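Student: Attaching a single structure in structure tokens format; questions to follow.
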Amino acid sequence: MIQKTPIAVLISGRGSNMRALIEACERPDYPARIALVLSNRPDAVGLEVARAAGLQTIAIDHKPFGKDREAHERKVDAAIRASGAQIVCLAGYMRVLTPFLVNSWEGRMLNIHPSLLPAFPGLHTHEAALAAGAKEHGCTIHFVTSGVDEGPILGQARVPVHADDTPDTLGARVLDQEHRLYPETLAKIIGQQS
Ligand code: GRF
């Protein structure tokens, strides 16, 4: 029986990358298991998906904390630690992190970003790629550091940009690759750390 590393998955919305991680973790030979799914939005659709899969979930709403991002993160950090998770996977977690959480999980927190970083950090990456006339687009998994969408790149997947692409068609092509890349890269990182 393979030793599975417990992970926490942090979401804010639909959670399709989380679903890809759930499916991977269900495989007996996959080296991770999901100890916690955490959302900063109590109404995130992904929370329902996670509950339906029988996973432990928690919502820690950021709104009552106002501008005190670190106070919110201290609750998030405590919940992650209580779950026993050793790696944190950001999967559409729409919060800019403070040094508190970044430093707490340095080298153990991954993020997925829908562009070929360093190209197109930030939001609306598919629009940006089309506006720039990019011939190729894709997604990146990286370690989280204090700069937004910076940090050592762990894996990338590329897709072609078609002449008739819209942000939606291009985004869907990228998202398919995200769902493949995240489980693959997480397994690679766990293999390197153990
Ligand atoms: C994905 O495109 C991911 O790359 C970005 O946010 C989106 C989350 O989608 N960080 P989902 O919630 O995983 O469906």
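Note that Cβ sites are derived from N, Cα and C of the backbone, with glycine treated the same way.
Sharing the record's features from TrEMBL:
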ACT_SITE  His113  active site, proton donor
BINDING   Gly15, Ser16, Asn17  N(1)-(5-phospho-beta-D-ribosyl)glycinamide binding site
BINDING   Arg69, Asn111  (6R)-10-formyltetrahydrofolate binding site
DOMAIN    7-186  domain 'Formyl transferase N-terminal'
SITE      Asp149  site 'Raises pKa of active site His'
Student: In whole Å, note down how far the CA of Asn111 ((6R)-10-formyltetrahydrofolate binding site) lies from the CA of Asn17 (N(1)-(5-phospho-beta-D-ribosyl)glycinamide binding site).
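Tutor: That comes out at 11 Å between the alpha carbons.
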Student: For the recorded positions Arg69, His113, which one has its C-beta crowded by the most other C-beta atoms within 10 angstroms?
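Tutor: Sorting the candidates by Cβ neighbours within 10 Å, the top entry is His113.
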Student: Provide, as an integer number of angstrom, the distance between the C-alpha atoms of Asp149 (site 'Raises pKa of active site His') and Ser16 (N(1)-(5-phospho-beta-D-ribosyl)glycinamide binding site).
Tutor: 19
Student: On average, what pLDDT score does this prediction assign to the domain 'Formyl transferase N-terminal' (7-186)?
Tutor: 98
Student: Using an 8 Å cut-off from the Cβ centroid of Gly15, Ser16, Asn17, can you name the remaining same-chain residues around the N(1)-(5-phospho-beta-D-ribosyl)glycinamide site, in sequence order?
Tutor: Ile11, Gly13, Arg14, Met18, Arg19, Ala20, Gly46, Ala91, Gly92, His179
Student: Between Gly15 (N(1)-(5-phospho-beta-D-ribosyl)glycinamide binding site) and His113 (active site, proton donor), what is the CA-CA distance rounded to a whole number of Å?
Tutor: 14
Student: Using C-alpha atoms only, work out the spacing between Asn111 ((6R)-10-formyltetrahydrofolate binding site) and Ser16 (N(1)-(5-phospho-beta-D-ribosyl)glycinamide binding site) and round it to an integer in Å.
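Tutor: Rounded to a whole number, the Cα-Cα distance is 14 Å.
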Student: For ligand 1, list the recorded positions among Gly15, Ser16, Asn17, Asn111, Asp149 whose CB atom is within a distance below 6 Å of it, in sequence order.
Tutor: Gly15, Ser16, Asn17
Student: Relative to the Cβ of Ser16 (N(1)-(5-phospho-beta-D-ribosyl)glycinamide binding site), which residues of the same chain, six or more apart in sequence, are found under 8 Å away?
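Tutor: The list for Ser16 (N(1)-(5-phospho-beta-D-ribosyl)glycinamide binding site) reads Gly46, Gly92, Leu175, Glu178, His179, given in order along the sequence.
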Student: Work out how many Å separate His113 (active site, proton donor) and Arg69 ((6R)-10-formyltetrahydrofolate binding site) at their Cα atoms, rounded off.
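Tutor: Cα of His113 (active site, proton donor) to Cα of Arg69 ((6R)-10-formyltetrahydrofolate binding site) measures 22 Å after rounding.
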Student: Looking only at DSSP and grouping its letters into three states, which state does Asn17 (N(1)-(5-phospho-beta-D-ribosyl)glycinamide binding site) belong to?
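Tutor: Note: Asn17 (N(1)-(5-phospho-beta-D-ribosyl)glycinamide binding site) is helical by DSSP.
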Student: If you draw a 10 Å sphere on the Cβ of Asn111 ((6R)-10-formyltetrahydrofolate binding site), how many other Cβ atoms land inside?
Tutor: 25
